[in-house]
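Colleague: Below: one structure in C-alpha cells.
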C-alpha cells in the first residue's frame, strides 16, 4: 500500500518513513524544477482569473483538478514525483505560516473597528452560537454517517475545522446587494473570532515553536486567557509601530508596501515564537489600522497588493493540496464519498441557516433594515475557504489513531469549500433578486440623486469657465454638454440602479416624506428595544418575585409563559 510522506503530516520531519506515493526517495531530484513549477501555477492562475472574470470558484476548481492530476502522475512516474518532492517534504505547519498571515491581516484591515467595537457583544454572541451549533450538529452527523475508519477524536477535530466560516468569500457576494456594512463586519468578526479560537486550540495540543518560558503550574484556562491577552497586547503595539512607519511623510509608496508586508510576517513569527497566537495578533493589528493610519492614497495601493498576494496564495493552496490528495490512494473515492459530501454540504448550510434564526433577535435590534428576507440571504454565507484547508492536516497530526489515508480529510474539506463557494454564492444572488433585495431603497436613491446633481453642477461650472477661454471659442459646447450627461444602464447581471431625472421631480419624495420616514424608523427602533428588553428581562424579574414574595408560579408555567412572550415579541418585530 502506498504511503504518504510523514514529514508533511507530522510537525517534525526526518523521523518517519521517506516513502512518497509508494516509491522510495533514494534518487537524485532536480532542485530547480519546483520553483519553476510554482511559477507556472501562479501564471496559470492569473490567466484563469483573467479569462474567467467573476468566476473565482471555477478558477480554483480547475487548479485543484490539475493539481490532483499532477499528483496522480507523480504516483506513477518518478520524473513528475521528483518535481513535487519539495512540497511533500514541507511540513504542514510551514504552509500555514506561509499563507495565513497575509490573508488574515487583509481580512481584519477591511473591517471597520468602530462598528465592531460598538457591536462587540453581538459579534461575540454570534460567534459563540455559530461555533457551538456547528460543532454539535456537524459532530453528530460525522460520527453517524461517515463510514471511514475515523476515531471519535478525529471526527471531533474534523467538525471543528469545518465550523470555520471563510471571512473573505462569505461577504463578497453581499457587497453587490447594498447590504449594510454592519452585517458584513459581523460576519467577518464572527469568522475571525472562530479562526483565532481554533488556532489557539490546536496550538495548545502541540508546542510547535520553542517557548522561552513554560507555565506548567497554571491551569489550562488561565494559560489560554494569557495567550489571548498577550497576543492582543503584542498586536496593539505592533499596530502602533506600523502606523508610525506608514504615516512617515519621507517614505515612498514602494517602501511602505515592503515594510507593511514584512511587519505582518514579523509580527506573526515573533508572537508565535513567544508561545502566543500570531493569528489573533494580526487580527488586532488589522483592526487598529484605519484610513488615518496611512498617508494619502497609500492605503489603496497596499490593499491592492494584499488582494494580489491573497489571490496568488489561494491559487497555490488549492493547487498544492490537490497535488497532495492525488499522491495518495484513490480507493476512498467511491459512491459513499460522494454521498457523504452531499450530506456534509446540506448539513453545513442547515447549520448556518439555523444559526441565523437563533441570532435574528440580535440582528433585529442592531439595525431596523433587517428582516426575514435578509435572513434568508445571509443564511447562505456559511462558506468554507482557505483557512479550513490550511488547518486540515491538524486532524491527522492530533488524532490518537492515525488513519491509513490522511488525505481523506483534505479531500472532503477541499471539495466542500469549492461547493460552498460556488453554490452558495449563486443561491445568495438568486435569493436576493427573487426577494426584491436588489432594488435601491428610497433613501439611497435620494442620496444618489443629490450626488448626481452635485456632479452636474461641477461640470456646468467648469464648462462655463472654459467658455470664456479664447482658445476654446470654436468648441461645440452643445455637443460637450450632451456627452457629459450621466446616465445609468441597468443589466440583469448587476444590481439595478434607478436614475431620477429632472423631469420627474414631482414623483421624487419631498423633505416631509423623508422626515416622516425617519420618525417612523426611530419609533420602530424604540419599540423593538422595549420589546427585547421586556422579553429577556422577564425571567430575571420573575425569579426575583418568586424568591422575595413566594409568587405561586411553577417552573413549567414560567417557562411556557416566557416562550409565549418571546414568540409574540418576535412576531411583533417581524411585522414591523
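Every residue gets a Cβ built from N, Cα and C, even glycine.
What TrEMBL says about a protein is an automatic prediction, not a curated fact.
Grabbed the feature section from TrEMBL, which reads as follows:
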DOMAIN    57-413  domain 'Cation/H+ exchanger transmembrane'
TRANSMEM  34-52  transmembrane segment
TRANSMEM  57-78  transmembrane segment
TRANSMEM  123-142  transmembrane segment
TRANSMEM  154-174  transmembrane segment
TRANSMEM  186-206  transmembrane segment
TRANSMEM  218-237  transmembrane segment
TRANSMEM  274-293  transmembrane segment
TRANSMEM  305-325  transmembrane segment
TRANSMEM  337-363  transmembrane segment
TRANSMEM  375-396  transmembrane segment
TRANSMEM  408-427  transmembrane segment
TRANSMEM  528-551  transmembrane segment
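Where in this structure would I find these features, and how exposed are they?
Modeller: Only residues 6 or more beyond the boundaries of the transmembrane segment (123-142), in the same chain, are considered here, and those with a CB under 8 A from a CB of the stretch are 116, 150, 155-156, 158-160, 162-163, 165, 185-186, 189-190, 193-194, 197, 343-344, 347-348, 350-352, 354-355, 358-359, 362.
Residues 56, 103, 106-107, 130-131, 134-135, 138-139, 142-143, 146, 183-184, 187-188, 190-192, 194-195, 198, 201, 310, 344, 348, 352, 377-378, 381-388, 391-392, 394-396, 398-399, 401, 403, 409, 412-413, 416-417, 421, 424-425, 428-429 of the same chain sit 6 or more residues outside the transmembrane segment (154-174) yet have a Cβ under 8 Å from a Cβ within it.
Long-range contacts of the transmembrane segment (186-206) within the same chain, counting only residues at least 6 positions beyond its ends with a Cβ under 8 Å from a Cβ of the stretch, are 11, 104, 107-108, 110-111, 116, 119, 122-124, 126-127, 130-131, 160-161, 163-167, 170-171, 174, 220, 223-224, 227-228, 277, 279-280, 283, 363, 366, 378, 381, 387, 391, 394, 397-398.
Within its own chain, the transmembrane segment (218-237) is flanked in space by residues 196, 200, 204, 267, 270-271, 274-278, 280-285, 288, which lie at least six positions past its ends and keep a Cβ under 8 Å from the stretch.
Sequence-remote contacts of a segment are chain residues at least 6 beyond its ends whose Cβ falls under 8 Å from one of its Cβ atoms, and for the transmembrane segment (337-363) they are 122, 125-126, 129-130, 133-134, 137-138, 141-142, 145-147, 162, 165, 183, 186, 370, 372, 374-375, 378-382, 384, 411-412, 415-416, 419-420, 423-424, 532, 535, 570, 573.
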Colleague: Can you work out which residues elsewhere in the same chain, 6+ from the ends of the transmembrane segment (408-427), have a Cβ less than 8 Å from its Cβ atoms?
Modeller: 56-58, 60-61, 64, 148, 154, 158, 161-162, 166, 169, 172-173, 318, 321-322, 324-325, 332-333, 337, 340-341, 344-345, 348-349, 380-386, 388-389, 392-393, 395-396
